[in-house]
Each structure stands twice: as structure tokens, then as C-alpha cells.
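Colleague: Encoded as C-alpha cells, here's the structure I'll be asking about.
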Amino acid sequence: MNPNQKIITIGSVSLTIATVCSLMQIAILATTVTLHFKQHECDSPASNQVMPCEPIIIERNITEIVYLNNTTIEKEICPEVVEYRNWSKPQCQITGFAPFSKDNSIRLSAGGDIWVTREPYVSCDPGKCYQFALGQGTTLDNKHSNGTIHDRIPHRTLLMNELGVPFHLGTKQVCVAWSSSSCHDGKAWLHVCVTGDDRNATASFIYDGRLVDSIGSWSQNILRTQESECVCINGTCTVVMTDGSASGRADTRILFIKEGKIVHISPLSGSAQHIEECSCYPRYPDVRCICRDNWKGSNRPVIDINMEDYSIDSSYVCSGLVGDTPRNDDSSSNSNCRDPNNERGNPGVKGWAFDNGDDVWMGRTISKDSRSGYETFKVIGGWSTPNSKSQVNRQVIVDNNNWSGYSGIFSVEGKSCINRCFYVELIRGRPQETRVWWTSNSIVVFCGTSGTYGTGSWPDGANINFMPI
């Protein structure tokens, strides 16, 4: 082989080897890119629903940049799936209640700009709990606080803060309302906000920050709602509303709302005679409410709401240790599970209870005559046995030397069960404390516990003599 042939042969071999190497490099690059995208690939969305990506879980759309052999490849990672809540887990088994939160609003008002409020409540989204209240359009150390004992004025708004944050000047005013309810369906907040003339009020339905629907007064006599959280199951929320006499026959309706739009309205049925200010909780697949009979009974009405067919039933808590105020002494109070007991039915106070098998957990003022003190306990057979009075696990939340007020329930979903929590409104000022011209409140919050617990009292704690008049 002459020199030229040798050079040509060596060149051909080198070119072949270079070509093979280039093809291998391209194959490796293609394989790497394919594997990378498959690792983060989203399944095809069904019904325009966003599906989760694995193994990366994020809350917002971001762009991931991957560098491979100096080549930049951009691929959008799918957002985390957001689902409606269904509350299908069992109820937590508890031994009692433990302290959770206290906002000290009145004490702080002695030296700071804190809203005048009443009708507080608590509700949680899937990640965080919030406190709500109806503001009076003024701070406490402000001449506008004079006369805030009145319930319904056009300046009242629904306030919303993270639980434990008092209603300071930076607090968001969610809507215009002198009666309200709020709940989170897993995707967004629903607020039911009632305001307007006593004889022709309007309820606005605000979902995800937008007004979606409304309804006007149907009995022209103070349309009103729960003053605590509503409940949403699989995207449908339900709220109890009443229009009519506060001390006689009224027209109660149960509304079903989907993403802010009213989809159905059911009339009250069953044996309950008067319904106001219900405290509702999920009892999958349905919803149960414990309410206030402001007409005939000091035993509390129960509403069972079927979320599938919109049917309604009602009755009364069986416990002979009744939950409303005013009420008879425990030795003479009664309840037959079906009817109001006709014992000091008027006026009443918002309260709560929840079933635990055949038993019932409940809270009430310690005083049988006024809104002072607060206690909780379980009544054995209190959900199933008429006039049951066997009380266990009693706790004092506020001693009887201090004022309480409204109370209500809210539910918190844990890893394995749904816990029941409650708040107590701690009212200060008028009508009981006439040294000042205002009426406002703070709150204390407890949640169910399966552990042990001690004793104490958690009143508002403000010295009325330190407060602005």
C-alpha cells in the first residue's frame, strides 16, 4: 500500500469513528431529554382539570430550566391539584378541650386602634384558620363608638384576620354586613353578607373575592344568617337563613350555593319551631346544625341537611341539661328530643353542641339567667335519650364572675380525623357595664383534645376603668 492509500485509509477509519461517536452523543442527549420530561410529565387533564405532577409539588406555575450539553430546555411544571373539601374523615374522639387562641382585643383597645366588633366566629381554609367579626365602622377610642350596642347599621362590615390577630386598622373589610357567615370549599372563600333595611335587606354571596349572587328579604323582617361558619361538601356550600319574627313564627330556609351561585333553596321541615344563629358542622356526607330557638325552647334545635337531595329534617337536642340562656335550673329543665320545651324560650343566645355517638358535647353560659361564665361538658345519652342528664368531663372556660356571650363551632381537618373546636365571645361594655358608651368583644378559642388537660378561666381581662369611655 503506497503512502497515499495509507493516508486515505486512516482518514476513512477516523471519519467513521467520529461519525459513530457523534451518533452516540446524539442518542445519549435524546435519551436524557426524554427521561427528564417523562419524570415530570403531567397526565392528560380530564374535564379541563389540572392534574398533579410528580415528584415535584408546587402551588403556582413556574418555569423549570434544565441545562443539557449547553442546550437550554424550558418546560412548565403543572400546579398542585386543588380539590373541593368533602370532610369524609371520621370525627376525632376527644376527652375534652384545650386552649387554642385568645386575641385580647379589649385590653389592646386601651392603648391602640382596635375595631369595635361583635358576633365573632372562626373558620379555616385547608391550611390556616381565620377569625371573623362584624365591625361597627369605628375603633373603640373614637366618638363613633358611642351607641355601638345597636346591631344593624349600614356601616357594619365583615372583618377577616388570621386567627390570633386582633382587628387593627389594617384589617380587611370583606363585605358590608350586619349578619354573616363564611366558609372555604377547598378552592376559595364564600362569604354570605346581609345588610340593608330591616324590612328589605339584601344578602350578597361573595365567592373568591367576587360578588356572584344575591337574594332579597322574603318576609320583610330582618333577614339574617348564622354568625358562624357555613359548611361546604364536594363544592356545594349550605347556609341557614331566617326572615321573620325574633319571638314568633318565622320563615327559615336552607340555601345551597355552588361557587357563589344559589343552586337550591329548601324550606325548614321537621319539628323545630324557631331557628336562628345556627352553628353548623360537617357530618359526611351531610351537614348538621345546632341552633337557637328564640321563641319557645331553651333546648336547642337540630337541623339535619342532606347535601345530595337537599332534604331537611329538624328536631331538638335530647339532653335534659339544656344549652340556651335563659333556662330553668338543671333539676327542672327538660327535653324530649322532638319539641321545644316551652321553658324560658325568649330571648336566647347563640351556642353550639355536637353529637358523639349516643352522647353530646355542648357548651353554655354558667349562669342560667345571663350571659356570664362559660362551661363545656359531655352528656351521656344526650343525643339519643330524652331528658338525659348524666354530665361528665365538665370544664370551666370562663368563670361566672366574667361576661361571655355568643359561642359557636368550627371544624378542623387533621391527618386522620376531623376535630371540633369552639369560640366564646367575651362581650364588654353596654348593656352590663354602663361606665362606657360602647359595646365590643374579644374571643377565646378551644379545640378538642384526646390528651389530658388542666383547669383555669380565660375571661376578657380588661379593666373597664382603664378603657376609653
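Even glycines carry a Cβ here, placed using N, Cα and C.
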Colleague: What residue among Cys78, Cys92, Cys124 is stated in Swiss-Prot to be the disulfide partner of Cys417?
Modeller: Cys92
Colleague: Per Swiss-Prot, which one of Asp313, Asp324, Asp329 shares the Ca(2+) site with Asp293, Gly297?
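Modeller: My reading of Swiss-Prot gives Asp324 as the candidate in that site.
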Colleague: A 10 Å Cβ contact count, applied to the disulfide-bonded residues Cys417, Cys421: which residue has the minimum?
Modeller: Cys417
Colleague: Max Cα-Cα distance in Å among Arg118, Arg152, Glu276, Glu277, Arg292, Arg371, the residues listed as binding substrate?
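Modeller: Between the outermost Cα atoms of Arg118, Arg152, Glu276, Glu277, Arg292, Arg371, the distance is 21 Å.
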Colleague: Test of understanding: give the count of other CB atoms lying within 10 angstroms of the CB of Cys337 (disulfide bond).
Modeller: 19
Colleague: Which disulfide-bonded residues (Cys183, Cys230, Cys291) fall within 10 Å of Cys124 (disulfide bond) by Cα distance?
Modeller: Cys183
Colleague: In this structure, which of the binding-site residues Arg118, Arg292, Arg371 has the fewest other Cβ atoms within 10 Å of its Cβ?
Modeller: Arg371
